[in-house]
């Protein structure tokens, strides 16, 4: 068949194209690796040569040492799990609230007209200023940090959910109307899947904000958590341990991001088809 | 009921169609859109009776109200004046007896070609094995038999457009087509038109076919409704008395050329 021959040829062309792309990927990975090595080398050498004081910037190996010794302390797990819990609970609540509000504003025009000015006004406030207030309201425990994390993270999910749901092509809506689909059927079968890539972008942004919210909450008032540890070690001038905690926080953030990235590809498989990944 | 005009060339085919029951009756149907700049008449009072199994082409330049008319017959747009009826009942919402083919194929990228075709059946709650077979045969008819399990974005633009006749899967009594093959190349378009004409004629489906291509309009139709803009209105109806089944060879006949120029004449650039 001419058609299948054409398809095969297409696949071959695709394969050689992908080979070229793989080589290119590898090249860029090598560049990234080279940059990392240079940064680590400067980080290691500068304090050792006395270019910067080890109190300001401990060398890379000193930080690695601090990281290992910190992780061996029995109190470490407690602080780690407190912050991780705040992040996970804050993320689940924040994204859920953003999703529900975004859906409500998108499907219910009256709600949008009434609530949208408040939503935008609220977004204009630098929400970090609420941190002392939340400590006063919800105490020194985890709940004030969770509230902080929720408040800083729900907005990108809300906006992206709304925009995603509202960007369903007119012809798709018309098709659903022409076959007398109910609003719920249209929502489930067309609007929500259509909005999913955009919603997911908002969810990824929310993750970053959740970590920031939890840590800021801990800075302002806490007796445990990784943010508390940063404050503590800074006051003790144990800067190597401050860096060690930062590395752990970076790892939490990166871990969450890769988890979401993986979920994104599983869930929104049709997008990766387009990009030919 | 409007009075049918007396035809100068009453061929047996046309006479036989006139004996068929009316399916769609359009009376004094009009649409006025209210814009910020004031009211705009998109369609001025249209009267038309369409009988069962008839193939009606609506041809005219943009702004002549042909899509507006189609959307009102589909129940997707409410008329400002007059009414349209389907089998005697006033149309005020979409009907499952009516299939609509849009300008684009409207394929959802997270569904395979087959799943896209079967979506109306999912909504209707009629997704059965028989219907799957029907979907398969429709896709085979448009040359997509090998691509049932492919995702739309794996197909070329032209191939995606060929999924449009999926509406036939739900076996509608009436088929509304809004320039569904507009984006296809001329050869594919011609083949699709022929295939569509064969299927709808065989199944006795009444077709309302909107196009801006005069050749296509005349070649496919039993009657061509000629529409002109500013305001959108019906300027004339041309009976196409070419025998069926149609084949491309008929385009060379003098009668075909005459009909085309008759349409052109009404459009005002003959």
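Each residue, glycine too, has its Cβ placed from N, Cα and C.
In TrEMBL, the feature transmembrane segment is placed on A:28-46, out of the ranges A:9-27, A:28-46. With Cβ pairs under 8 Å as the measure, the transmembrane segment (A:146-165) is packed most heavily against A:83-108, out of A:28-46, A:52-71, A:83-108, A:114-139. Between the transmembrane segment (A:52-71) and the stretches A:83-108, A:198-221, A:242-260, it is A:242-260 that has the most C-beta pairs under 8 angstroms. Against the transmembrane segment (A:83-108), stretch A:198-221 shows more Cβ pairs under 8 Å than any other of A:114-139, A:198-221, A:242-260.
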